[in-house]
Amino acid sequence: MRIALAQIDLVVGDLSGNARRSIDAIEAAREAGAAITVLPELTITGYPPEDLLFKQHFLDDARVALDDVAAATSGTVAIVGFPERGGDAVYNAAAILADGEVQGIVRKVRLPNYGVFDEYRYFGAGDHAAIVEVDGVPVAVTICEDLWLPDGPAAAAAAAGATVILNTSASPYHRGKGHQRERMLAQRARDHVAVVALCNQVGGQDELVFDGHSVILDHEGLVVGRAAQFAEDLLVCDVDPAAASAARLRDPRGRLAHRPALGTPVRTVARLTTAATEHPPTSTPPRHGHPQDESPHGDGELFPTLDPIAEVYAALVLATRDYVAKNGFSTVVLGLSGGIDSTLVLLVAIDALGADRVRAIVMPSPYSSEGTQSDADRLADAVGVQRMRLGIKPAMDAYDQILAEPFSGLEMDLTEENLQARIRGNLLMALSNKHGWLVLTTGNKSEMSVGYSTLYGDSAGGFAVIKDCPKTLVYDLVAHRRQVTPDAWGTDGEHDVLASIVERPPSAELRHDQRDDQSLPPYDVLDRILEGYVELDLGRDQLVDRGLPAADVERVIRLVDLAEYKRRQSPPGVKITPRALGRDRRLPITNRYGG
Ligand SMILES: Nc1ncnc2c1ncn2[C@@H]1O[C@H](COP(=O)(O)OP(=O)(O)OC[C@H]2O[C@@H]([n+]3cccc(C(=O)O)c3)[C@H](O)[C@@H]2O)[C@@H](O)[C@H]1O
Ligand SMILES: Nc1ncnc2c1ncn2[C@@H]1O[C@H](COP(=O)(O)OP(=O)(O)OP(=O)(O)O)[C@@H](O)[C@H]1O
Ligand SMILES: NC(=O)CC[C@H](N)C(=O)O
């Protein structure tokens, strides 16, 4: 049986566009001889459509778009996700399309309602597992979370005879998630003694980025096909359900142990034949990567997976490219300080958009050092972006003058420092207004966590590219990008601009000789405290038990708690850790519980 996984980049709310993308993918899969094509979860609306699901006309329009896709299916079967209106509820559903019509509908049974998922808010739960018979093979159709639980509908469908388990998915990325997902699927394939094929969405959607990385595994849990990470792809692969069937004769677990315990009823929702049997088997493409986990008998393309830091970098690039394009911008602008954070954001931006669609603004003040400003210039020149120098001293003087009376008799303090950041923020927003450039904000997760940024100053902007990257990871990402083009930064006795930026101690340069470590613990300590406090919800004592200095722990906890109001006002940015600072971590602003 030939299966195609159409890993496409959908746009939330673009119903007709998503229908067109689906039709193109199904047509390409049909031409490749696929009997069945799986598309990502909620294909028609994109994922997550959020409160669009409360609008009746949106649901009606989605159904019209689904019927357009159905009309374009002939000789093949396609699994296409859509929100199904059923009585007074909406279901996260997948339509079985064939011969120009909707042949059956499958409802998601297990709704995720944790982390970034809010599915109880929107959906009713399906009450049965679904099997579709395709060319005589019983195929289970499941929707994302349905397969993440060992006792979900896939288990029931497999116990009822399904030898192939398909999954239409919108599984957002965080560091290492692709490998975690593959391991989970391998376990399901082995436990259910079935071929497993998961088609994941790819692309950026506000704070989420979907990594693609769709996979097909044989009934022994070995990967037979793997699609690209962070790029659209059509994975076409021949699988062998008969081998699963034969293995079950020797492996009685599904029959004896599972079945009585599985409460989910199973229904066969369609019986279909395709024209795919007329196609010869695919020729074996070149194979590469990770032989220990991959099937020697498979014939699908096997993309090698990226290493952990390259993977995060690719996520930032795709998320930035999609946010910019899907929101109708062509060019972005950022303040380039000669520091590490704006350096990383610049590198991601040029890789996402091309240097000609990025503008770097260098905005020296009297506190800016010659080193940072010349590194900012050199860096912009090294990567070939247009740069502009806008000195902020005249604006600082103007503010001093305007505020002279209300501030008379008062010492200079943080107020004047923050004004510099606000002047820069204002200039970037003015350039944005005038030229239609989107402002990329440069704050990292460590700063965002402790509130080390100026409200309406350096935190102003449209998209916060590295908002979920701790400072220590920022260095790793720059090091990774450096070795992608090792000769681009000045070599052999020349000034190496990237080395110079990396080696300089971090400073906001808002007063003379300022350094971040005067206000914050060293970043390696800070990031360990933050990982424990922000991502794992550990308390003071647990952090101190991990060997972290008590005074630092107490101060950081206090700063994180106090800065909730700032984070609520920050631009959206890319989630790359298991617990990002956006909808993943919801704490009250008004809150007397410390720690
Ligand atoms: N609970 C609450 N709800 C709503 N608003 C609240 C609030 N608490 C304070 N505020 C408001 O927030 C104001 C304080 O916030 P804000 O004006 O931002 O000022 P603030 O947080 O006091 O100072 C900014 C900090 O960020 C550092 N910084 C700035 C710029 C760049 C960098 C860098 O290295 O990247 C670091 C700077 O050195 C300083 O430590 C208060 O004056 C008040 O108006
Ligand atoms: N002289 C400057 N010219 C242009 N932009 C600046 C300048 N100083 C600060 N910015 C902008 O404000 C952001 C906050 O910078 P700041 O130097 O205060 O701290 P940072 O968090 O260490 O960032 P970076 O590592 O990029 O310097 C910078 O990333 C940059 O976008
Ligand atoms: N859309 C979904 O159901 C996704 C849930 C799944 N557990 C994931 O994190 O990928």
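Backbone N, Cα and C define each Cβ position, glycine as well.
Site annotation for deamido-NAD(+) in TrEMBL covers Asn418, Glu447, and the matching candidate from Lys326, Lys393, Lys434, Lys566 is Lys566. L-glutamine binds Tyr114, Ser171 as TrEMBL records it, and from the list Lys55, Lys177 the residue named for this site is Lys177. Site annotation for ATP in TrEMBL covers Gly335, Leu336, Ser337, Gly338, Gly339, Ile340, Asp341, Ser342, and the matching candidate from Thr264, Thr415, Thr441, Thr442 is Thr442.
Neighbour counts were taken at the CB atom with a 10 A radius for the recorded positions Lys108, Lys177; the maximum falls on Lys108. Across the domain 'CN hydrolase' (1-241), the prediction's mean pLDDT works out to 97. Counting every protein chain shown, 26 other Cβ atoms lie within 10 Å of the Cβ of Ser171 (L-glutamine binding site). Neighbour count (other Cβ atoms within 10 Å of the Cβ, all protein chains): 29 for Glu41 (active site, proton acceptor).
When the active-site residues Glu41, Lys108, Cys144 are screened for a C-alpha within 10 angstroms of the C-alpha of Tyr114 (L-glutamine binding site), no residue qualifies. When the recorded positions Cys144, Ser171, Lys177 are screened for a C-alpha within 10 angstroms of the C-alpha of Lys108 (active site, for glutaminase activity), the residues that qualify, in sequence order, are Cys144.
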